[in-house]
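Comments concern the structure below.
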Amino acid sequence: MADTPTSRMVHPFGNVPRQTSKQFLYSGNSPHLCHPYQSASDTHVVPQHHYTMKSQSSDAGSDDHETHKQYTLDSSAASGCSRHGSPSSQSIHTGSGSPLSHEDSHSGSTNGNGSPVSASCVTEDPTDLKQKLKDLEAVMLGADSEIVDSLEISVANQLSLDPEKWVHMMNMPKSNLKELLIACARAVEQNNSFAIDLMIPELRKMVSVSGEPFERLGAYMVEGLVARLAASGNSIYKALKCKEPKSSDLLSYMHFLYEACPYFKFGYMSANGAIAEAVKGEDRIHIIDFHIAQGAQWISLLQALAARPGGPPFVRITGIDDSVSSYARGGGLELVGRRLSHIAGLYKVPFQFNAVAISGSEVEEGHLGIVPGEAIAVNFTLELHHIPDETVSTANHRDRILRLVKSLSPKVLTLVEQESNTNTAPFAQRFAETLDYYTAIFESIDLALPREDRERINMEQHCLAREIVNLVACEGEERVERHEVFGKWKARLMMAGFRPSPLSALVNATIKTLLQSYSLDYKLAERDGVLYLGWKNRPLVVSSAWH
């Protein structure tokens with residue numbers, strides 16, 4: 001199989017069962033073993049929230065014909081998370097009138113033969129009877145009667161609304177999936193349990209992992225909302241990893257994503273071009289990759305260095321890794337070292353590999369094996385946003401790592417990042433940003449692979465869904481997806497002492513050639529030596545170089 005990267009978007013997710021309806025695979029009714037918001041290691045009693053809706057059937061010709069719908073939102077009793085405060089059960093009956101309305105109960109009463117009961121059989125003056133009952137109530141309840149009346153009127157007015165009026169009252173646009181998703185996110189943020197329990201079932205009817213791009217994205221966004229309500233981020237992550245694919249399958253899914261969209265190729269090519277330019281004429285080169293994955297990025301650079309006039313330089317690569325990449329490879333960093341050493345040997349490039357099997361946030365200078373006289377190049381491709389900053393921990397590893405790199409006096413630092421603002425944005429804003437960003441991603445995938453393609457479903461599920469759920473459901477240390485827009489990266493880098501190093505025109509031209517084999521909807525823009533790759537009018541990935 002062709003060499004592929006470990007996606008920075010890639011995290012194991014459960015297998016997708018066969019889809020027969022517009023319901024996400026991890027819904028409460030799914031036979032799948034992996035529940036996204038229930039810990040795999042614990043068994044919980046799951047309370048259910050039943051709202052029985054009595055509404056007129058659209059198929060019936062009579063107002064008396066009614067259908068019953070039962071909506072249930074399961075929740076987990078996972079540690080560290082509380083349910084959103086709705087009662088264990090509540091019955092809501094709606095129809096032509098409220099069951100709590102005194103006037104309706106009189107006018108709608110029937111005798112044993114089905115004929116209406118006349119009010120005159122009770123009293124000659126129904127109004128007088130009501131007044132007497134109120135007088136009696138006032139004597140029995142005293143001053144509290146007004147409070148009771150007002151509560152009864154309030155409840156009756158709310159419960160008498162049919163579902164369509166609830167939709168209108170709570171601004172729930174049933175026909176617009178995007179607006180309903182955002183409305184649901186606002187309800188989650190406000191802890192509006194009743195609105196949530198109405199909207200989630202409606203949303204699940206509107207999404208599908210084999211539907212249009214927005215319907216597919218919506219399936220994962222909905223489950224992110226449910227997961228946020230039902231469990232702590234840590235429990236979510238345990239649950240999402242309970243059904244990991246085989247490493248060979250995960251590698252295959254990543255390969256599909258790599259080939260379907262140019263995002264990773266754009267990042268690799270632009271970073272390699274900047275590195276090649278910065279180390280031109282150097283005899284000893286040390287590349288520090290903060291997420292080496294499969295090592296795929298460096299094959300083309302080794303080939304380019306081999307073609308240097310006068311012979312290739314000595315190249316040393318320090319590969320920093322994490323457990324996700326190790327799982328995808330089916331082994332540790334020694335596999336990457338052997339592979340790159342073999343390729344370097346084929347190109348006759350003197351080569352050495354240094355393995356650092358820890359996450360990027362744990363790196364200290366002693367891990368890097370710095371040797372005086374080597375020209376250092378540091379690479380962050382879709383990885384720096386995973387390193388926590390000051391909003392997560394006082395250690396602020398994001399800025400600490402940048403200061404550490406600057407102290408090494410590198411010839412170049414390459415940064416490739418998603419152009420998205422999800423780090424410090426409030427939840428509702430982060431949800432809307434995630435929705436907008438991944439809409440473009442799913443649209444671009446739709447252009448490359450058929451909607452019913454099983455490999456496409458697996459690729460989106462294993463390479464994108466876990467990232468989406470993390471963005472929506474998790475907070476604190478458990479939210480590892482913390483993107484920033486280029487302006488914020490620029491401020492961080494300049495605070496650490498870096499200055500921009502504009503990408504060359506040759507890099508720009510090479511990437512334009514790459515995009516010709518994809519859709520015209522992919523757009524490339526260059527501003528102040530920084531390259532932006534976008535889908536239509538939405539910037540998605542930004543590549544820059546610094547010294």
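Cβ coordinates are placed from backbone N, Cα and C, and glycine is handled just like the others.
A quick note: this is a predicted structure, and the numbers were derived from the prediction, not measured.
Summarising the annotation, TrEMBL assigns compositional bias 'Polar residues' to 74-99 (among others).
The compositional bias 'Polar residues' annotation in TrEMBL covers 107-121 (among others).
Annotation source TrEMBL lists region 'Disordered' at 74-124.
Summarising the annotation, TrEMBL assigns region 'Leucine repeat I (LRI)' to 175-235.
Within the model, the region 'VHIID' (254-319) carries an average pLDDT of 95. For 254-319, the entry in TrEMBL reads region 'VHIID'.
TrEMBL lists 335-367 with the feature region 'Leucine repeat II (LRII)'. With a cut-off of 8 Å between Cβ atoms, the residues of this chain six or more beyond the region 'Leucine repeat II (LRII)' (335-367) that come close are 290-295, 298-299, 302-303, 305-306, 312-322, 326, 329, 383-384, 386-388, 397-398, 401, 404, 407-408.
Positions annotated as region 'SAW' by TrEMBL: 473-547.
For 285-289, the entry in TrEMBL reads motif 'VHIID'. In the motif 'VHIID' (285-289), the DSSP tally of helix, strand and coil residues is 0 helix, 5 strand, 0 coil.
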